[in-house]
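Report on the structure given below.
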Amino acid sequence: MWLLAVTLALSLLPGSASSEPSDPPPAAASIFADLTPSELRSVRSFLLGRPELGLSPSRGGPLAKNSVFLVELLPPEKLSALRFLDGGGPRPPRLARAVLFFGAQAHPNVTEVAVGPLPRPRWYRPLRFKGGRSVAFAARPMTAAEYELLHEALAEALAPLERLLRDATGFRYHRNCSRRCLTFSDIAPRGLAPGERRTWLVLQRFVEGFYLHPVGLEVLLDHADPEPRRWAVRQLWYNGRYFSSPRELAESYERGELALARLPEPPSRRLFSTYEPRGRFSTGTPTAVHGAKVCEPQGRRYRLRGNQLEYGGWSLAFRLRSSAGLQLFDLRFNGERVAFEVSVQEAVAFYGGHSPAAMQTKYMDAGWGMGAVAYELARGIDCPDTAAYLDVHHLYDADAPARFSRAVCVFELPTGVPLRRHFDSDYQGGFNFYAGLEGQALVLRTTSTVYNYDYIWDFLLYPNGVMEAKVHATGYIHATFYTPQGRRYGSRVHSHVLGNLHTHLVHYKVDLDVAGTENSFETMDVRFENISNPWSPGAR
C-alpha cells in the first residue's frame, strides 16, 4: 500500500539503539558475510559509472528509466568455497549481486548481474536464468515511487465516488483527509497472463490495524504502461457486485440501485483491531505483573564474532540477505560439517474468497524483499533481555545503504523439557538412580514484516547435535469485506470482516554434507509383511 513509502523512509533514520560491538569474523566465516555499507556504495557507484548501462538514481524521475533496485552479496560457489575452507585453496573473490531495472529501452526488462571483485569492482557480467530467458519489466517488484503514483492515480479515479465513500464510511480517499482517511492494500499476482501489470486494490479505513477495516470496495487498476498518465481503472467490485467504471458505480448509487454498506463509526478508544490490551481473565490471576524471564546466571555460553556463531559443538556462518532473509553456511558440529547451507528461500500464501482480490491473492513474499523488511527487535518481547543484537544494512529500492538497527538477535533459551532423563526404579518403592540433562537451545532470530504478516524466523541449535528451523506467523490476517457469499471461503471475524481461508508454504534450501559431499537423499515407505510365526506354527 502507498504508506509503505513512509515506512521505508524511516529505516534510513539513525536507529534508536545500536547493536553491541562484535569482534571481526574469522576468515572462514567472512566469505559469507553480508556486504558492508562501503561495499554497497562502491557497487552502486561502479554500476552508475558505466555509460553503456545508462543508470539513473532510484528515487525520483520517471518509471521508464534504468536504475539499480537491489545490491547484496553473491555468495561464493560451493566448490570454490570448500577448496578454501578445507583444502587450503585460494580465497574466493568477493562478489555482489545487483538487480537492475531497464525501463528506458526498446525491450524493457529486469536483469541480474554479478559485480566484482570487491571492495573495488572492475567488471560486471549478467547472471543467466535457465533457458536464457529475461525477466519482463512488467514482472518487476514494486517500488516506493510506483506506490506513490498508484495512490495519486487511485485518488483521481475515485473522485466520482467521493459522496458514496463518505456516506458509507465517513472517510475520504484524498491527501487532505485529516484523520479520516482511506488507504489501500494491494495483492499479487498483478495479472492473469504474462506482460500484465494490473492490481486489485482493497480499500480500507486508515486506522490502527487497517488490514481489518475493508470498506467493501475493490478496484482493478491497470498500471502496466510506464507512463502513469495512461493508467486506468478496468473494473470495480462493491459489496458483491462488479462495475466497469467508477462512473457506473456512482450513477448506480445516485439512482438508488446500490446496496450501500454503511459502516459504523469507529470508536475513538478500544478499537477492536488495536494491540491495546483489554478484557479480563475470569480466573482473576495476576496479569499486571511481569511473567517468567530468561536469565544467564553465569554469563553467555555462546560466542559471536562478526557473522560467526559458536555454541557447544556448533559453529556456523550466517547472513541476512535482503531478498529472502536468514542464510546459514558451513554448519559444523564438533568440527565436522553437517550442512553447507540451510536458508530461507520463500514464503507463499494462497488465498480463497468471493471478492476478486481474495480469489486472486497468491503472495510470494520474497517479491517484497523478506530480508529488507526485518525491522528493530524489541528487547524483552521479540527477544529476551539477555539477547545479543546485530545491525544489518540493505540497499533495496534506495540510493544509499540503510541501516536496520538490531534486526537480528541471538540468545540461549531454556526449552522447558529435559534434553534427556531417566528415573531408574527398583520396582519396590525406591529407585536405583535418577539422571537428567537440562534442556537448552541457542536461537538465531529475525523477523519479516510483509504487509500484514509478521514472520518470526528461528534457527535453533541444540547441544545434542540437532538443528531446527522454525517460523511463527503473527501480525494481522489478510481480510476482505464480508458478504454472505464469502462464508464459503472463510469465517466472519467481525461485523464486516471475512477471515479468508488460506494456506502457507514456507520453502527452505537444505544442502546436507553429512559425512562428506558425496551423499544422497531418499525417502522410505513402511508396509506390513504377513508372514508365518516361526515360534508358533499356524499363527501369522
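Keep in mind that glycine also has a Cβ here, set from the backbone N, Cα and C atoms.
Heads up, TrEMBL stuff is auto-annotated, nobody curated it.
Feature annotations, reproduced from TrEMBL:
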ACT_SITE  ASP365  active site, proton acceptor
ACT_SITE  TYR453  active site, schiff-base intermediate with substrate
DOMAIN    39-122  domain 'Copper amine oxidase N2-terminal'
DOMAIN    140-241  domain 'Copper amine oxidase N3-terminal'
DOMAIN    293-529  domain 'Copper amine oxidase catalytic'
MOD_RES   TYR453  2',4',5'-topaquinone
SIGNAL    1-19  signal peptide
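Residue counts for the domain 'Copper amine oxidase N2-terminal' (39-122) under DSSP, helix first, then strand, then coil, are 19 helix, 26 strand, 39 coil. Using a 10 Å Cβ-Cβ cutoff, the residue listed as 'active site, proton acceptor' registers 22 neighbours. The Cβ neighbour count for TYR453 (active site, schiff-base intermediate with substrate), using a 10 Å radius over every protein chain in view, is 19.
The two recorded residues, ASP365 (active site, proton acceptor) and TYR453 (active site, schiff-base intermediate with substrate), have Cα atoms 10 Å apart.
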